[in-house]
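What TrEMBL says about this protein:
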BINDING   H101, R102, K117, K124, K125, E126  substrate binding site
Amino acid sequence: MIDLKIVNSELDIGSAMNSVNSPQCGAISIFIGTTREHFNGNKVKTLFYEAYESMALNEMKSITVLTRQKWPEVVNIAIHHRIGEVKVREASVVIAASSPHRKHAQEAVSFILERLKTTVPIFKKEQYEDGSGVWKANEECAWKSNN
């Protein structure tokens, strides 16, 4: 089962976990990405995410296909990403995978996170306490110019 979501509200971590739970699996691995309060000496107030949603969901689906090719033991995958404002300590992304044994689920979640950051068109703006802000480019992203 594949569970993909882009939502403009608080992420339900329990929902992601429940969506990958299976009686044939002995392991669920979960990554939760949260907003941290400092970046390069700046105090972060919030993050603001925008997405090209249809394209992002299609790319997320492609990531799950590739993940299952690399780890056929993975039974279920959930990728939930939040858009809009995400305050400090709140989750912006939840990735979960289940498999009979932990190794495959852990490797799959790590792989999904790296692919998500490099290929999915979701964009982040850091809003700082001093009122300034900056759109951030993931250093890993495939479309970023290396000039």
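Placement of Cβ uses the backbone N, Cα and C atoms for every residue, glycine included.
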Protein Cβ atoms within 10 Å of E126 (substrate binding site), excluding its own: 18
For substrate: widest Cα to Cα gap among H101, R102, K117, K124, K125, E126 in Å: 37
Least buried by Cβ count (within 10 Å) of the binding-site residues H101, R102, K117, K124, K125: H101
DSSP three-state assignment for R102 (substrate binding site): helix
